[in-house]
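One structure is given below, encoded as structure tokens.
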Amino acid sequence: MQLKYMKTLLTPQDGAAKVTCMAWAPNNAKFAVCTIDRVVILYDEQGEKRDRFTTKPADPKYGKKTYVVKSMAFSPDSTKIAVAQTDNIIFVYKIGEEWGDKKVICNKFIQTSAVTSLVWPSEHAIIFGLAEGKVRQANTKTSKSSTIYGTDSYVVSLTSNVSGKGILSGHADGTVVRYFIDDEGSGESQGKLLTHACPPYALAWGTNSIIVAGCDKKIVAYGKEGNVIQTFDYSRDRAEKEFTVAASSPSGQSIVVGSFDRLRVFNWSPRKGTWDESSPKEIPNLYTITALSWKKDGSRLSVGTLCGGVEMFDCCLRRSIYKNKFEMTYVGLSQVIVRNLSTGTRVVLKSQYGYEIDEVKVMGKDQYLVAHTSDTLLLGDLVSNKLSEVAWQGSGGNEKFFFENETVCMIFNAGELALVEYGSNDILGSVRTEFMNPHLISVRLNERRQRGVEDNKKLAYLIDIKTIAIVDLVGGYNLGTISHDSKIDWLELNETGRKLLFRDKKLRLHLYDIESSVKSTMLSFCPYVQWVPGSDVVVAQNRGNLCVWYTIDSPERVTMFPLKGDIVDLERSNGKTEVIVNEGVNSISYTLDEGLIEFGTAIDDGDYYRATAFLETLEMSAETEAMWKTLSKLSLEAQQLHIAERCFAALGDVSKARFLNETNKIADAVAKEYDGDGTDHYQVKARLAMLDKNFKLAEMYYMEQNAVDEVMEMYQELHMWDECIAVAEGKGHPELDNLRRSYYSYLMETNQNEKAAEVKENEGDFTGAVNLYLKAGLPAKAAWLAMSKDELLSSQDIVSRITAALIKGEFYERAGDLFERTRNNQRALECYRKGNAFKKAVDLARVAFPAEVVKLEEVWGDYLVQQKQMDAAINHYIEAGRSIKAIEAAIAARQWKKALHILELQEDRTAAKYYLKIAQYYASVQEFEVAERLFVKGDHIKDAIDMYTQAGRWEQAHKLAVKCMTQEDVSVLYVSRAQELEKEGKYKEAERLFTTVDEPDLAITMYKKNKMYDDMIRLVAVHHKDLLQETHIHLAKELEAESRFQEAEYHYLEGQDWKAAVNMYRVNDMWEEAYRIAKTHGGANAHKQVAYLWAKSLGGEAAVKLLNKFGLLETAIDFAADNYTFDFAFELARLSMKQKIPDIHLKNAMFLEDQGKFNEAEIEFIKAGKPKEAVLMHVHNKDWSNAQRVAEAHDPESVADILVSQAKFCFDQKEFQKAEAFLLRAQRPELAIKYYKDAGMWTDAMRICKDYLPSKLSVLQKEYESEGNWGVEGMIEQAQEWEQTGEYSRAVDCYLKVKDSSNLDLLLKCWMKAAELAIKFLSHDKAVDVSQIVGPRLIQLRKYNEAAELYLNLDLIKNAIDAFIEGEEWNKAKRVAKELDPRLEEYVDKRYKEHLKNQGKVDSLVGVDVVAALDMYAERGQWEKCIDTASKQNFKVLHKYIALYATHLIKEGEVEKVLSLYIQHGVPAYSQNFNIYKRMFQELVNLRDRDCAEAFRMWSDLRDVLLLLCENLTKSSEANSPAHEEFEQMLLVAHYYATRSAAKGIDQLSSVAAKLSISLLRHTELIPADKAFYEAGLAAKAVGWENMAFIFLNRFLDLADGIDEGTLDALDHTDFQDTDIPFEVPVPSRLHVTVEKREEIREWVLTVSMDQRVEQVLPKDERGTYEASLVAASTGIRSLPCVITGYPVLRNKIEFKRPGMAANKDDWNKFLMATKTTHSPECQDVLKFITQWCGGLPSAGYSFH
């Protein structure tokens, strides 16, 4: 967050005139400032002063200067301002929405003390604080106020959280209290939150924490529950003053704190979870800041000062311009203001959850906002200002957004479509789809309201390219799935989401009704389709027609207009709908019938009167008729019967219109009598049910009212006599018989004999029924009735009449049934045969005429064949034994398997003829093996071979042929057949035959002869692979000879000889083809070579054009030159690239040089502008004269180089004089010197140098000296010479250069001589430099004394001391330091200590540095030496190392050694040792198997150490501290353990030992609980206290289970209620008892609980309390514990000198007696300890009082 000064709103005054308060309006349009003179000034958004008003006192009589305005706030709607005043009142002023509106006081709230602060978080609730400490709420609706909470401390500040649902109040005593109007599910606490170190005048509530500051110059950040997160301390900064005010940004992620001349800015870092301080805004002469107010969009901060100034600052993290259209101002991590630069409109985009906004984009024709945070996605509509924030997990920014729909944003990501409705913070719905085209998705959200539908949100999309799914987004369920047979390319729901239009790739248009799930095709060809906005009318184009469906419920009703062009658009505005058609250049509009569209809309809106009125204006047409039908249906459903009557009248449905007219009369009469519309009357409801043909429902309505006659009348009118009679029967109607008679008469009158017969049958008149059935021409029914009634069968007359009628009517089967029932089997069989009822005939024959069965089966088979039921006939022929017929039937029925099965069962050869037919079938279905078998069986082997041949299965044919023919015959047959096929042009078949008889060469020859080279090559590849390439080349050459170049090319390439193909085309001047092949198949440069040859063949301009076309001109020139075709290269260069000519000359010159044509080469070099190359050529050939000539003529600069080259040559030839002359001519004396030096001719070099370069003589001399390989003697001689001539510096250098490792004495002598000369004759600095060289060399040779002496001669004291130290001459080093530079004594000592440490001479180190020595002992683990040495030092040093040793021992698990260490050396009351003492105690009480007499010494030592510690603590500053009390408790526990060990050794004290174990249970906060209960249980069990043993051991088992689980939360404390045994104890890290012992205890506890002999209750004493509890359950009085048993001391007590120490007389006497009788040293030790601890024993002896 950066604060940037914008402008001064109110100029500061010279003196104090503070701005008391300020407030920004929630709508960001107004800013209010209250000055010291109690005037409220109003500014606009830009900071321009627009209005002002004066505040009023609570009582006018007190005047205007009797109060101060402390705080003010705008109402949430920005039309009111609440003003808090110190004269105990709050005024609410209505300021209006416009500037200059009259200011009116609309509320006032009088209080009992001054109002100090105020906020207005919600519509009618103002929260304010009072000087008396109360925080109250004022309701502007009721003008009443009430107290929310009260404190006793002045309210200094009040603030709300970001949402305004939570309030913080700061009080003068430092208290900060929190109150929630609504905690928004956070679960945070209310009430006192924290206490700050000073009054929290600066109080701000950020998103994640609370910032508090005040006069102590500290800014503290507190967490959500008042814990300190961070502290910013400026108390040491003298420039800082007290903090007076704080303000949080609207997002809560930045907080500004004001002080003197300074604003401190803090920004919340979500990643770190802390506040980061930005660089403070320092403004000299601003003085103390008294008020801060942040604009609600976060973009401005206003600052009020002590001198009455108001400054405005711009607040932003960053600002950017997007697409030069929008300004993005990031006012916080989670808030961005987006401003349209052209219109000035603004939208505040904010993350409601406080997430950091990454980047904001404006998309969808600059109308929609999209932004990401880490966990959410922000969307917004800039036009409607609807914003959304939905949960969105990071997808790497790969989403695609579609904004085609104005109400919903479609987001496509990784195959999933999500829909977000603008203004909603939830994802509307998401579905899986791969098709993210707006034309393949349709969303409709409440676009047209329907009757009775609140929320209508539908989605249609593609599941796959042929399947549409329709989803209800409100309920989240599938409304339907449409599977289509073709790909779908467009779909759209209507505005109500009830109909779906879709079009497929074949341009067929379909309509799907979602409610009925009916799909109908509307057009077979449709390039354009669209719903008319605001209606259910569809407009589409079908080739040359404009199609309009005004009533979509009747898709067949379509209005068509011819048109010439294509529909391009549909426009609906100003009550007019036009279809725009593009007819070539012109656009023509076709106006739709708005009235028809109006009808559809009226229907959808449920306004049927409006629809009727509209239809009455239209003439009757197909469309109008469809609309009347729709209206009639809907009005009936809505029970608007008058409209329905009008509709049926219009449709000409007179009967329905009359029926409805009568119904309406009934309804009107009812309505007149009873009010309402009369449609609920039973007659109306019944008539409507009749109209709907639901007669049962109508009957129900009548019967509910017991209107039986009306039901009967209804059924009679409808001639539904059966139903009428049923009603009469059900109700026992008196007219029932008459009704039946009337019904029969009616039937007879209307000649309904069948129905009359049924009535007779129902009445039991079967003879009459039979007569009537016969009369009605229904003999079959008469027969059924006769067969069901035996009395009719007994009448011969009736049976003969019925059978005669049946035979006459050709109902033979029924006649047969009747004859069979009357035992007339012969007639029955005849009838069955006549009626073709063969099954019944056969069944009857099996019983009555067995001989006829076989005949009947054959006849049955013949009948079935006649009926073409061949399949059914087969079995009957088999039954009749007619196999041939059966085979023929099976073949006719194409039951080939059955036919084959029957055939194979035949032994007779007459059936063999059928093999061929069946075999031919199997051959036709390509079941060749079966067919072959049948052909062979039927002696048709030739047919089998032909079958295989035709099927191309030559191998099988061959195999078959071989079986019945010789190999030669087969081959002759196959070859001759193949040749025939060849003649017929069936080459493939011929090939198959050739290859079958192993004659592939014949096939190859055949293909070659017929020039079928592909097939020829294929066979060669299979049968002669080694000849394949050769064949390709051979064919290619043949084809080339025939000028079939393309085919030849193919074979050359297949033969891997692309060069031959290129050459073929080149020879035939087909350069394009040659170039193509070279480029495709040649290497990287092949095509370039072909292009080059092509160009060369063309020559001149044509060549240049060609090469330019391929971009190879320069390459070609280079290639020509490189291949020595210089004429062509020059030709190309001259025509197109003159700049290349010199290069070609140069290459030509090089070529000529290589050819030895030097003169021609020289000319070419000069033409190339490279005379130097010509010179170098002559120089290379040692042709110095020509070189000189060319150089002088063309390159004078090279003359000198020639002379140098000539000189070099002469030097090599040892002609030194010539060489020198040449070099001096070339003016290169330095080269002469170099060559002489290289030749070792130093004299000549010196001479030349002296004559021509005297300035370099000295350097040469030095070089000569350094380079001269003189040897050691030569060096020394030279040095002595320098010395004699007084050149001491050179002499020194010479001596120092001497390096002869074989003669160390000589070396030493030389170096010492150098040092001596330096000291004597050279300057001090030079001498020091020499000593710095010689000294280290001497030290290296271990000549420490000589080195030190050298340093001392030059007063280099420290170097001398270092030399002595290097040689471990410590005494000399100390002496030098002491005598020459006492400051270095400490340095020597330090080095000496380091030396001792490094050498490990600790014993020597003790004398020098004890602490260092002790540390070293400790490091090495030499603890005995360490402690022994430390004991000779002071007490503190000793205990420091004892503490270190103790810590080491505890880590190693040797805690008993720690105890003996403190026994030996005492326990000082050092607080830093407390943890060691506690750890020692814990480790000792955790030890296993210490519940015995043998452990007495350990426990007594622990007890004595703790006693000594407590005594030392009493004398120290830690007396009576919590630590002291804790050690007293440990002492008591250790005493109990020691006493218990003593008692364990004596049988008569077993009860004392048990009591001590039980008393230790109250100390389970210090000792392991499981161990304590285990030991107490065993002790109680040992002395027979089974109740206690059971309870304690049971508790032990519960604890053990808890330790295994890691928690003791599940423990039941019932047994220990009203005892002093603690419930809350630490969970031991491990079990202190072995698994075996634990299982033993578990078995004992189970046994006891099963026996039920022990009551699970702890024993109680006279107090009614558990006997070992110190605290009485009823009174809460705490008794003293007995020093012997730990049990409470009640009546018989012995008191000791030390207060609070007592014993039970009985226990004391018992212990004393046992001690005396046994002389136990342990018991005596206990008594001695009690004397020491409790201040003396009472007089010895028994007490019997």
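Cβ from N, Cα, C; glycine included.
As given in Swiss-Prot:
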| type | residues | note |
| --- | --- | --- |
| REPEAT | 64-103 | repeat 'WD 2' |
| REPEAT | 238-278 | repeat 'WD 6' |
| REPEAT | 284-323 | repeat 'WD 7' |
| REPEAT | 483-521 | repeat 'WD 8' |
| REPEAT | 522-559 | repeat 'WD 9' |
| REPEAT | 680-725 | repeat 'WD 10' |
| REPEAT | 854-887 | repeat 'TPR 4' |
| REPEAT | 912-945 | repeat 'TPR 5' |
| REPEAT | 947-971 | repeat 'TPR 6' |
| REPEAT | 1042-1075 | repeat 'TPR 8' |
| REPEAT | 1272-1305 | repeat 'TPR 9' |
| REPEAT | 1328-1361 | repeat 'TPR 10' |
Selected stretch (most C-beta pairs under 8 A with the repeat 'WD 7' (284-323)) from 238-278, 483-521, 522-559, 947-971: 238-278
Close approaches to the repeat 'WD 6' (238-278) from elsewhere in its chain (Cβ under 8 angstroms; 6 or more beyond its ends): 1-3, 159, 161-162, 201-209, 211, 213-217, 219, 221, 229-230, 232, 284-298, 301, 303, 313, 315, 331-335, 350-351, 354-356
Helix, strand and coil totals (DSSP H, G, I; E, B; other) for the repeat 'WD 7' (284-323): 0 helix, 25 strand, 15 coil
Chain residues outside the repeat 'TPR 6' (947-971) and at least six past its termini with a C-beta under 8 angstroms from it: 923, 926, 928, 931-932, 935, 941, 977, 989, 992-993, 995-997, 999
For the repeat 'TPR 4' (854-887), sequence-distant contacts whose Cβ falls under 8 Å of one of its Cβ atoms, 6 or more beyond its ends: 833, 836, 838, 841-842, 845, 893, 895, 898-899, 902-903, 905-906, 910-911, 914
Local confidence of the prediction over the repeat 'WD 8' (483-521), expressed as mean pLDDT: 93
Helix, strand and coil totals (DSSP H, G, I; E, B; other) for the repeat 'WD 6' (238-278): 0 helix, 23 strand, 18 coil
